[in-house]
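The structure appears below as structure tokens.
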Amino acid sequence: MQRGAALCLRLWLCLGLLDGLVSGYSMTPPTLNITEESHVIDTGDSLSISCRGQHPLEWAWPGAQEAPATGDKDSEDTGVVRDCEGTDARPYCKVLLLHEVHANDTGSYVCYYKYIKARIEGTTAASSYVFVRDFEQPFINKPDTLLVNRKDAMWVPCLVSIPGLNVTLRSQSSVLWPDGQEVVWDDRRGMLVSTPLLHDALYLQCETTWGDQDFLSNPFLVHITGNELYDIQLLPRKSLELLVGEKLVLNCTVWAEFNSGVTFDWDYPGKQAERGKWVPERRSQQTHTELSSILTIHNVSQHDLGSYVCKANNGIQRFRESTEVIVHENPFISVEWLKGPILEATAGDELVKLPVKLAAYPPPEFQWYKDGKALSGRHSPHALVLKEVTEASTGTYTLALWNSAAGLRRNISLELVVNVPPQIHEKEASSPSIYSRHSRQALTCTAYGVPLPLSIQWHWRPWTPCKMFAQRSLRRRQQQDLMPQCRDWRAVTTQDAVNPIESLDTWTEFVEGKNKTVSKLVIQNANVSAMYKCVVSNKVGQDERLIYFYVTTIPDGFTIESKPSEELLEGQPVLLSCQADSYKYEHLRWYRLNLSTLHDAHGNPLLLDCKNVHLFATPLAASLEEVAPGARHATLSLSIPRVAPEHEGHYVCEVQDRRSHDKHCHKKYLSVQALEAPRLTQNLTDLLVNVSDSLEMQCLVAGAHAPSIVWYKDERLLEEKSGVDLADSNQKLSIQRVREEDAGRYLCSVCNAKGCVNSSASVAVEGSEDKGSMEIVILVGTGVIAVFFWVLLLLIFCNMRRPAHADIKTGYLSIIMDPGEVPLEEQCEYLSYDASQWEFPRERLHLGRVLGYGAFGKVVEASAFGIHKGSSCDTVAVKMLKEGATASEHRALMSELKILIHIGNHLNVVNLLGACTKPQGPLMVIVEFCKYGNLSNFLRAKRDAFSPCAEKSPEQRGRFRAMVELARLDRRRPGSSDRVLFARFSKTEGGARRASPDQEAEDLWLSPLTMEDLVCYSFQVARGMEFLASRKCIHRDLAARNILLSESDVVKICDFGLARDIYKDPDYVRKGSARLPLKWMAPESIFDKVYTTQSDVWSFGVLLWEIFSLGASPYPGVQINEEFCQRLRDGTRMRAPELATPAIRRIMLNCWSGDPKARPAFSELVEILGDLLQGRGLQEEEEVCMAPRSSQSSEEGSFSQVSTMALHIAQADAEDSPPSLQRHSLAARYYNWVSFPGCLARGAETRGSSRMKTFEEFPMTPTTYKGSVDNQTDSGMVLASEEFEQIESRHRQESGFSCKGPGQNVAVTRAHPDSQGRRRRPERGARGGQVFYNSEYGELSEPSEEDHCSPSARVTFFTDNSY
């Protein structure tokens, strides 16, 4: 195929070269052995003509239209063409042989170069005209129709076989003789006749005489035609597509002058093979003639594809029209993007096209969709046209194409991004035009656009006029807004001297469902009028808001003042001042409302409008104060020298807006109180007072005007002094510690302008002053002593209740603390927040999609610009509150921030990166982002990709070993290598996070999941929990859902308390009003509400079960109810997953020890798992893979895989395990037999072995359960508060054993349900062991100090087979 294509290419180049030579006339023509132009032979003779040339040759003669393509072809009708011997100058030679020629062989014999298209006489061809004389048939033409038009002359083709004859032309009415002018004879072409001579002829014949005999040629029927062709059309106009086997029909139509004649000819690929036929048609119209030729080919094939040319000729004009015919073997649909998958437009565009490159046959059905919804209307499959593009036009547009008959379907999607010019929303609402002097003002611009503008620029200029110009309105089409054209704008800075700037902040805020850019300029002190503008722009436009910041000394620019301002009394002078700023208002007027106009005829109050206040009020004469030079306000004063009751009423000041000419008014009501004489409401009475007692006398008065009150004693003016007080406008007289000289006559005198009134009384004093002084001393001393003791008791109580500062700070390091002991708010008071280190600018944080919602918070993916040194943009997770969060929720998130700061950074903990705490926006806590989500979902998704024997790359193994080595180095040198470990892996992780997808070293979704990965995840979780334990932090909810997976196989412990909706999480069970993860909780946490690091170790064992079951839900098929809690406390445990090796099973069982003290510490777990990850067990992995153990049966398909971790890994690890784990080691093969810690008795630890019974042997009460193991819900698992109270009550009342002495070992059993559902007590030693319960963590009872025991515990496994 390739060789043939190369050969064709060379041939094409050669032909092109030859064509070029021909066009330049530089080619040597072929030569004939007959040199004369005409050669004459007789009928029956043989003809032999040889031709030589420089290139391959071919012959053409009257007996054949074309020479054979290759080789020789013998035929008596067509003659014989043979090769002959050439010469050096002309190596190619062809000879043409004709035997027994006859008259019809008369004609032109042409020799030409075979591979050159152009036949040019004397250049690429040579010819000779041969006459074959037949004296019995001198004329050789056939009957034909001769089309005669209005041209000057035309040929009558009377061809002869004998040259030199005398020929005349005869019609039905005349004979024409050649005269060399109007009638000319040519032996080769016939008779050339002037057209006007033929208009009356019906037919024409040529006549000659040879010897004594006359000969006539075949007649030519004369048809007089028009000679103008108007147009030609080939239908279908466009290229025609067909399938193999279909019919091709082409219609070539010519519009010509009336009664015109046209000769049609077709050129197409199948013409030589005589495929198809064309049929002429003629339709005469009133003004013209339509002539058609219809080409039809049945059952088209691949050979019929190509160019089809229709040629029309009337002898004067030649028309040509062509089309392409494409033949397909099978139906097909091909669609591609024409301009790429993402197209951009601008809001407001009148027309936008979404084009695609479509090739299909037959034409398919199609439908356009936008964001999954079908679009109505008529559309084209080649382009979707959108009119009046808006922001709502943004979306994904999908073109669906289908051919139901052929079963073909194709889809293509295009993303349209509509860019929106920025708009400032404050322009839509009216803003104040006047601002009070010395006030604090905030100017705000809220902008929205696509793309979102990231910044808003502020400018200012002095208060001077600006020119106005017209600009197209962005909000009202076909309208224009008048915009001021101002110059001399300056950038606003915080050091602006005109009006002091307090702050200038810009941030992104989620408003009305959109992210908008908000900028606030706070002016600390408005002193000077100025013009401000905010400018916002993006790549498709710009918008600006002009703010006229006019500063005035008059509040709101218009006010009324009254002097005096308090209640008016009859006779006082009153001054009403109406002040208005001259910049905004003019035409000040005073009115007094008529009382009759305030109510209608029915007494209902009228609503008065400032626009027509003059209709309801009486104008008043007032004086306009003179305005000082430079002042911008006017004051219209209304003065009343002596106010009287008739002046009481409503006074209105009316002003007019300078620009809008609207009327504005303020109303002031004057209330006038008439004067009246004072009167006493209570007279003074005589009093008898003891020495040192208190004395109080009241002179209560009434009157319209506050009168003056004066006190006299024994007709002398009484004034205030030490021990004598006058209060309540002198109406009350008080004397403290009365003495003998205070006795006498007291007079109260009350006066005003209308008159005076008096009242008097006598005061008598009895007793001795010495006795009174002693009583005072005793009372004061008693009070001082009582206060002293009260303060002392208060200090003692506070010291007992509040621990020392250091104790509180140390204890708070445990994040999960009982709030009943120390409230969370009080704990956080001792943790600081360093804004200089952790505060991150809001404008460099771009919020993205929501990762999770909670009851009152959410976690959002975001892009932080410059949060790490040396990086431009990092993906982070942002914890924030929902809208409408309460103050307590805000304090809770702030507490979490302080706790994260205090804990510090660690590789295997989700670390704090920064925070946004400033009041300009919501509180946001920025933490690391883990791209692979939580470990539980990741393991489930990777089950199909689990390949236990897959080889890890040297880089991955090196990374695993580095984790272990650095962890051990950290343990030997605390506080040093931890930072090295975090820095090393966080740098790798951060580099992967910031690298492009093409540069990312590894994608965990593409790589297989191996046993090494599971051990590595377990090791890292233990490492992170070891760090939290060292910081005295108790997690309390350690589970695979709270473990996140990041780049480079790094896992991180998290607890997104705000993001997790525990009320919907099926892993949680409600306890009263709270929800508890009972499947992960240790028995002491369930029954005693005790949370310690050892209870986290229990949860770590459940987490191991999740990891090695590839994300399954713990306790599959088990109903979480009261019986579950009892069985868990009694020693029943889960059965290990089949992927767990003996070493992993042993770790699980030790983590599930009923005695918290017997559980391993996280430091021990780090050492053991580190040995498994790095030790010799993994080095022998290849040997293990060749001898896999048989898998356990499980309903879950992914659990039936063959475990490839070696059994001897566990045995090898057991040799290096700490003693605390070795003495509970599990036999390699019999993983249903365990040695489990029992109870402690007086510090002595006794352990024994007993056979473990699986859950299949002793199942729980049957329950109906539906659902998968992975998504096991806790429907019906909610334990009400009453149920927990019953459990706790039993756990206090039931004394499961009675230990009477150190030497006695008493068996204690608990009832188990029998086959009928009744509870029975197991016999001693049943099923291979006795049941004992630990007094502190097992039975949940309260034994006396004498109680002690030393039993062995029997432990039952929950197995997934029970499901």
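The backbone N, Cα and C atoms fix where each Cβ goes, and this holds for glycine too.
Copied over from Swiss-Prot, here are the features:
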DOMAIN    30-127  domain 'Ig-like C2-type 1'
DOMAIN    151-213  domain 'Ig-like C2-type 2'
DOMAIN    331-415  domain 'Ig-like C2-type 4'
MOD_RES   Y830  phosphotyrosine
MOD_RES   Y833  phosphotyrosine
BINDING   L851, G852, Y853, G854, A855, F856, G857, K858, V859, K879  ATP binding site
MOD_RES   Y853  phosphotyrosine
ACT_SITE  D1037  active site, proton acceptor
MOD_RES   Y1063  phosphotyrosine
MOD_RES   Y1068  phosphotyrosine
MOD_RES   Y1230  phosphotyrosine
MOD_RES   Y1231  phosphotyrosine
MOD_RES   Y1265  phosphotyrosine
MOD_RES   Y1333  phosphotyrosine
MOD_RES   Y1337  phosphotyrosine
MOD_RES   Y1363  phosphotyrosine
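According to DSSP, Y830 (phosphotyrosine) sits in a coil region rather than a helix or strand. Taking DSSP states H, G and I as helix and E and B as strand, the domain 'Ig-like C2-type 2' (151-213) has 4 helix, 29 strand, 30 coil. Around the Cβ of Y853 (ATP binding site), the number of neighbouring Cβ atoms within 10 Å comes to 15.
Cβ neighbours within 10 Å of Y830 (phosphotyrosine), excluding its own Cβ and spanning all shown chains: 16. Counting every protein chain shown, 22 other Cβ atoms lie within 10 Å of the Cβ of V859 (ATP binding site). Y830 (phosphotyrosine) and V859 (ATP binding site) are 27 Å apart (CA-CA, integer value).
Between the alpha carbons (Cα) of Y830 (phosphotyrosine) and G857 (ATP binding site) lies a span of roughly 25 Å.
In the domain 'Ig-like C2-type 4' (331-415), the DSSP tally of helix, strand and coil residues is 3 helix, 52 strand, 30 coil.
Counting every protein chain shown, the number of other Cβ atoms lying within 10 Å of the Cβ of L851 (ATP binding site) is 18. DSSP classifies D1037 (active site, proton acceptor) as coil under the three-state reduction. Its Cβ taken as reference, G857 (ATP binding site) is surrounded by 23 other Cβ atoms within 10 Å in the chains shown. Across the domain 'Ig-like C2-type 2' (151-213), mean pLDDT in this model comes to 89.
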